[in-house]
Amino acid sequence: MLPTAAVEFPCSVGALCSDVNSECVQGSCVCQAAYQTVGDTCEPLGTLNSGCLFGWACRDTNAVCRNNLCLCKDGYFSNNGICRRQPDVGEPCRTLDTCSHGLAECRGGQCQCRQAYFSINKSCGRLGVLGYPCDTNQRCTTSGSQCVGNKCICKDGFYETQGMCKQSLQLGESCTAEDICGDQYAQCTQGICSCTEAYYTVHGRCTPRGVLNSPCLPDAVCSTPGLHCSYGLCTCRQDFYPAGQDCREKVLLGAVCVESQECADANALCIGGDCTCKQPYIQTRQICALSRVRRSLHASCIDEGSCSDPDTMHCAPSGICECRQGYFPIGNICSLKKALLIKCSLDVECATPNAGCHGGVCQCHPQTHFTGDVCKIKGTLSAPCLSGSGCIDSNTVCQGGLCLCHPSFYENNGRCVPKRPNMAACDTSSSDVCQDENAFCNGKWCQCMEGFYLNRGSCVSQLPLGSVCEEGDVCQGMFSSCQSRRCQCAQGFLQSGTSCVPQGEPGSLYGPCLLGRQCKSEHSTCDGNVCVCAEGYFDSSGTCVLKSAIGGACSGSRACGASNSACRNQVCVCQYGYQEKEGFCVPLGSLGDVCLFGHQCLDISAVCSSGECTCQEGYYRWGDHCVPVLPLNADCVLSDVCRADHASCVLGQCQCSPLYTQNGSVCAPTIPLSSPCTEGDICEDKKAVCTRGFCQCQAKYANLRCLLDCCMAAVCLGIFALATMSSAKMITVSVWRDSMQEEGLVTVDIPCASMWGFIITAN
């Protein structure tokens, strides 16, 4: 008798295994196929719908033991004892297959959504449900949603969550981690919608904290403690120094440092990693100073009495003699700063903050404006501003301390562009881009909101039943129209209150129905408790017939499916004033579109030229809009186009490029001294003119730099200057002031603009 071995025990060739459903394979007793090891015996694998024990394997790999039965996994169905994968919407199927989506069925060899349902991303949903199709006459059923681009999406100020549209929360409102705050720069922090760290709240909006040299409001919060808002700019506080877009605190003498700019004392250097006084200064009470003598401007000092003119100078905390407030340095003295419109030579001479020397007088800098007695910085779009005229872009207004687009403009890529008229092309779902307050952008053009219709270019309210109407007016509610100059119910309907109810049999076309119940007519659906033709079908003698696409055959305009289409010569085409794009009829008139006449172009600054909408003269194309080219000296931003050749936007104004100068409304090239020129040319040196075909210095000016020639001038700063002309290269100059007299040698082109008088004799 041959020896026997238990399951999973060693065995030898020819030996018998103790379990009849096992066999000796490679020296070990194992269970046969369709059996599994349970203890030391072989138990059969569970067949589909047969009993099993928890943890046992079922014979079908796509089945699991559930409630002591072998059942198909989720996403699979039983077919002839085998678990098959449920096909998704749009995938091939057989008649008995079960489609993966509960609202789908196997029809025509493919999983398709049931009647009155639509397929989106392998899912089925009703017309008007969030994320599913809709049309302009069909209300979206989800609260807070609207029909845009033939699809139900959440309105502005709402966001989608779990198939619903939830309103975004305002700053300061309570929130949870799942909520979305309405401001893009806000988030839910400690249960409250708050601005993120780089922003702070201004009039209910998140405004960026100012970085170094950025505009700010008087009490604005700059990005770091080392910054503060001064004269409309975020600047470094006293005893701080700029480092990138931040300000770091300076350190005292003896403190550790890396660079000399870190040292608070202007006469200290970072030596050996410490702030140390440079030679010949010595440390005195945390300042670097020289010996106690009256010091000139920019020299080291110890106290107020150390500076040469205490009335105009003071000893700054840095230990340096500096001009007092209201004075500016000129040489080694401090002179009183000048008010606006007073003559000047340098920016530093002007007393008013944000002003400089322009055209020889103190004026407000470009990108600032004069208000009262100060020059206030003009703000860019969404930047802080200080008054009603303090914004750079002419299409912005200062509102609530921020530069915002004018009500008739909207923001697009950082610019304020004109709002779009009704039926004009647009590419956003916002209502802010449309001029008409009763219109919104459906993603392709500005259309009237639900309950309104287009009449002579404006969106007007639909007329209630019984109202007097004219041809072309739209009556309120479904199944009504203007008949005999009065809004009445259509044939087959009766007025009931403010709506029209069907007269047909229940379930028949235009007969009453219950939502979800099957209507009897093929391709009809229950909408508003009335059986009507489904989306994409129309009523033809009591039968719902499929509408035709653009280019398809038709017998009347109702047979055409696209909005703004018509049936001409038995073919569906777009109506006049529209063109076909991706199966839709969109209005003609955008820049670059074909046109027949001028007012067909949508942009008010565009014209119809050679059959195409283009910007008129004086304007250029910027995206889908025509914006004006700007004249010289006009306020501008970097993306603007200046009208004059050889001009560009510099420091917020249209200015002539280098090597060119303004001559009226054009930029003319400047001609160097001694170069050929023609009458009317502008010479490079302001003291030169075009004389005998060359740029030459005017009378009383000489040399290649057009300096004042003291040898020809009668008076120089009120002091007589006498000279004897000679061909000598050097002259002797006798210089006097009061009773003092000095002699020396100077070159002939020495300027005479000084406090000394000269008697000059040839040598």
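Backbone N, Cα and C define each Cβ position, glycine as well.
Residues or ranges marked as domain 'EGF-like' in TrEMBL: 10-43 (among others).
Look at TrEMBL and you will find 51-84 (among others) tagged as domain 'EGF-like'.
In this model, the domain 'EGF-like' (92-125) carries an average pLDDT of 80. Sequence annotations record features per position, and here TrEMBL assigns domain 'EGF-like' to 92-125 (among others).
As annotated by TrEMBL, domain 'EGF-like' applies to 205-248 (among others).
Here the domain 'EGF-like' (256-289) is broken down by DSSP into helix, strand and coil counts: 3 helix, 16 strand, 15 coil. The annotation domain 'EGF-like' is assigned in TrEMBL to 256-289 (among others).
Per TrEMBL, the feature domain 'EGF-like' maps to 349-376 (among others). Across the domain 'EGF-like' (349-376), DSSP assigns 1 helix, 16 strand, 11 coil.
Helix, strand and coil content of the domain 'EGF-like' (425-460), in residues and according to DSSP, is 0 helix, 16 strand, 20 coil. According to TrEMBL, the domain 'EGF-like' annotation covers 425-460 (among others).
Residues or ranges marked as domain 'EGF-like' in TrEMBL: 464-501 (among others).
Applying DSSP to the domain 'EGF-like' (512-545) sorts its residues as follows: 0 helix, 16 strand, 18 coil. The domain 'EGF-like' annotation in TrEMBL covers 512-545 (among others).
As annotated by TrEMBL, domain 'EGF-like' applies to 584-627 (among others).
The annotation domain 'EGF-like' is assigned in TrEMBL to 635-668 (among others). Long-range neighbours of the domain 'EGF-like' (635-668) within the same chain, counting only residues 6 or more positions beyond its ends whose Cβ lies under 8 Å from a Cβ of the stretch, are 365-367, 378, 380, 392-394, 415, 618, 620, 622, 627, 629, 681-682.
As annotated by TrEMBL, domain 'EGF-like' applies to 676-707 (among others).
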Selection from 92-125, 205-248, 256-289, 425-460, 512-545, the stretch that has most Cβ pairs under 8 A to the domain 'EGF-like' (349-376): 205-248
Residue numbers, six or more beyond the limits of the domain 'EGF-like' (205-248), whose CB comes under 8 Å of its CB atoms: 171, 183-186, 195-196, 198-199, 261-262, 264, 317, 353-354, 376-377, 379-380, 382-386, 401-402
Touch test for the domain 'EGF-like' (512-545) and the domain 'EGF-like' (256-289), at least 3 Cβ pairs under 8 Å: no
For the domain 'EGF-like' (92-125), sequence-distant contacts whose Cβ falls under 8 Å of one of its Cβ atoms, 6 or more beyond its ends: 75, 77, 79, 84, 86, 131-133, 518, 525-526, 534-535
Summary of DSSP states over the domain 'EGF-like' (464-501), given as helix, strand and coil counts: 0 helix, 17 strand, 21 coil
